[in-house]
Amino acid sequence: MSCALLLLLMSLALAMPTGAAVEIQRPRGVPLSKRQFYEENKPFTCLDGSSTIPFDRVNDDYCDCRDGSDEPGTAACPNGSFHCTNAGFRPAFIPSSRINDGICDCCDTTDEYNSGVTCQNTCREMGRKERESLQIMAEITKEGFMLKQQLIHEAKRGQEDKQGKLTELQGSKKGLEEKVEALRTVKETAEDPEKEAKERHLKAWEEQKELIRMEKDKTRMAEAFLELDDDADGYVSVAELQSHLELDPDSDGSLTETETQGLLGGADKVDTSTFETVWSSIKDKYLSEVSLGQSDPPAPGETPQEEETRDFVSDHDSDHYPEDYAGEEEDVEDDEEDDDHEEEEEEEKVPPTVQTPEKREDEVSMPPYDTETQSLIDAAQKARDDFDEAEKALREVDDQMKNLEKEIGFDFGPSAEFAYLYSQCYELSTSEYIYRLCPFNRVSQKPKFGGSETNLGLWGQWAGPEDNLYSVMKYDHGQGCWQGPNRSTTVKLTCGKETVVTSTSEPSRCEYLMEFITPAVCQEPASLDEVLHGHTEL
């Protein structure tokens with residue numbers, strides 16, 4: 001029964017008109033909170049304590065107190081203030097100079113009590129609109145807070161999943177490290193016999209080439225002797241050799257008899273056996289009469305020695321290993337460079353192409369590897385491939401662990417309620433630009449009709465006040481302005497049911513301001529009565 005009675009009394013109280021409320025008597029313009037300082041039967045002491053006056057001098061339209069507290073209801077004191085009760089709406093203070101100035105400042109019209117102006121009391125309507133607005137805000141805050149609780153729950157579960165994944169990766173990393181070291185040993189073990197086999201093959205080829213070269217030189221010497229022995233008497237004389245001006249020692253354009261005799265070792269003529277010694281000193285300059293007749297003359301300024309040098313280089317250009325050997329040496333170098341793994345993986349394992357002059361008809365290429373050597377090369381290459389694959393897998397695990405550790409250690413709010421914003425981006429399109437906010441990463445601006453993107457700042461820190469730190473984000477170190485500072489952006493977060501960028505502006509040059517709505521910033525809502533209690537004075 002008592003509960004029913006209480007409900008009835010509350011209903012009656014709510015239905016009772018505002019005018020029925022008992023008003024506590026106090027001087028005009030005095031708020032209820034200061035009523036105790038204005039007792040009608042006692043002298044009034046100025047609120048700043050500067051003086052005491054008879055109570056009948058309060059609101060007598062003459063300023064007695066330096067702080068203007070004796071004239072709360074008149075315009076006598078320039079520093080005074082008038083209290084608008086505004087029953088049904090929010091109370092307010094206005095400067096005393098606005099009292100009876102012909103303009104209604106208080107919604108309850110009490111400031112124009114003696115101006116002759118007719119004002120309408122709008123407090124009840126304003127209060128109704130404000131209560132409706134507060135009701136809407138309370139509902140949004142309530143829904144936003146409920147969404148925030150879901151975000152916190154999901155963030156907690158996400159953190160647990162990430163921590164579990166990190167633990168799993170740590171175990172995988174240990175196994176991969178052991179595998180990489182084991183495969184490194186296998187690779188090095190396979191590369192040693194491969195290297196030895198290739199060196200043996202190369203050495204045998206060098207020896208074979210030397211024999212071929214000596215045989216060619218011997219043949220060429222015999223051909224030169226027959227060419228020089230014009231009278232076929234079995235000797236090369238001074239006169240026969242003197243016709244080859246390319247052998248001129250001092251390059252003065254003539255080959256004298258004395259110079260020719262010097263080439264022949266001081267003799268007038270030499271036979272085949274002695275010619276071997278002579279040939280070693282002239283073969284680099286000697287031009288065959290047959291080759292001179294069949295080929296183009298040397299280019300201006302080019303000596304026979306230079307032409308021979310070109311031939312010599314061409315011979316040695318064939319000394320390169322086959323492609324797989326060149327590739328093997330590159331792989332060995334790659335193994336020694338740990339910092340360039342990703343680039344190396346993307347590059348195809350193709351040895352560099354060596355550009356060589358056209359092979360001469362008599363030039364011989366190095367023979368292919370024998371079966372045993374090729375088997376060693378194949379085994380070593382497989383060991384390298386296996387090692388590279390395991391090392392790549394280890395690097396990938398390392399990267400995943402670093403990303404997880406970074407995300408786990410990020411400050412996503414007291415309960416990680418802002419974690420859902422990570423790796424997300426939100427855009428706002430204006431008439432000229434498209435603004436893009438990627439929380440915990442960067443803010444950018446791009447012209448709507450073409451042009452490059454401008455960096456407006458990189459994630460810096462939470463920058464709200466001490467009692468509400470997570471209400472403001474700060475992004476700095478953006479792209480520099482022309483003859484100005486680097487761009488920066490302040491993002492103000494407000495409570496809402498959606499996650500959206502609502503506005504952007506540039507209050508100062510190169511300093512941007514963004515408004516961002518998110519349920520993650522919603523606080524637990526107070527009841528509507530508590531909200532209204534702070535705005536109504538009964």
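Every residue gets a Cβ built from N, Cα and C, even glycine.
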**Request:** Among 107-129, 245-267, find the range that TrEMBL records as region 'Disordered'.
**Result:** 245-267
**Prompt:** Which range, 16-43, 268-295, 380-407, 464-491, does TrEMBL list as coiled coil?
**Reply:** 380-407
**Message:** Quick check on the region 'Disordered' (245-267): DSSP residue counts for helix, strand, coil, in that order please.
**Reply:** 10 helix, 0 strand, 13 coil
**Message:** For the domain 'EF-hand' (216-251), give me same-chain residues lying six or more residues beyond its boundaries with a C-beta closer than 8 angstroms to one of its C-beta atoms, as numbers and ranges.
**Reply:** 257, 259-264, 268-272, 275-276, 278-279, 282-283, 285-290, 303-304, 362
**Message:** Please list the DSSP helix, strand and coil residue counts for the domain 'MRH' (423-524).
**Reply:** 9 helix, 55 strand, 38 coil
